[in-house]
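For reference, the structure discussed in these notes is given below.
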């Protein structure tokens, strides 16, 4: 019961975020009541075309109920409820995600170019923060029941500082917020960024760049 209450509160936060600042929303305004994404359509537009026949199931998503598998190098996993997995949010300018963290797990520094993010802590203790374009860090330790917001487009992160698992529900004011993980973007791009460019940018030698690239190479 308590877990469901937490999820309801997080959902309310996501909706409030989308409605509170429509001028800053990452998505254009909707032009009809609903437009469930037709992911099978060959038509390519900015977004997704509308599916012809819809049901209540198109507006339902059970994927955030249970913890995700955090057995990976980052020790975290993001379960998204955006238009890619939840077609009912198409044109609605809102989406959600559940993020689970193993002890010591991290959601590495990343950005969302199309959305502000707000998180609600379901369990655990996290160090969270974002960095402005003036390179100023705003960081705080948050715990169960707390809320923190990351402004659109700014680099941000979360790390589990507790001894047990942690989890948050995230809300976005976009149906598809986009995510660029900084390390993966730079060291795991395809085709790869030239080694000498990264070496100069990070003021390290080519060998160190190649060693980092090897950690992010496609498996």
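Here the Cβ of each residue, glycine as well, is placed from N, Cα and C on the backbone.
Any TrEMBL annotation is an automated prediction that lacks curation.
The signal peptide annotation in TrEMBL covers 1-25.
Residue environment of residue 50 (disulfide bond) contains 16 other Cβ atoms, counted within 10 Å of its Cβ in all protein chains. What TrEMBL records for 35-50 is disulfide bond.
Averaged across the domain 'Cupin type-1' (62-210), the predicted model reaches a pLDDT of 97. TrEMBL lists 62-210 with the feature domain 'Cupin type-1'.
Taken from TrEMBL, the feature oxalate binding site applies to 107, 112, 117. Contacts of residue 112 (oxalate binding site) defined by a Cβ separation under 8 A and a same-chain sequence distance of 6+ are given as 150, 152, 153, 172, 174, 177, 178, 179, in order along the sequence.
Counting only residues at least six positions away in the same chain, the Cβ atoms of 109, 110, 111, 117, 128, 129, 130, 131, 150 sit under 8 Å from the Cβ of residue 156 (Mn(2+) binding site). Under the heading Mn(2+) binding site, TrEMBL lists 110, 112, 117, 156.
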Between residue 107 (oxalate binding site) and residue 50 (disulfide bond), find the distance joining the two CA atoms and give it rounded to the nearest Å. 33
Counting across all protein chains, other CB atoms within 10 angstroms of the CB of residue 117 (oxalate binding site) number 26
Would you mind listing, in sequence order, the residues at least six apart from residue 35 (disulfide bond) in the same chain with a Cβ closer than 8 Å to its Cβ? 48, 50, 90, 91
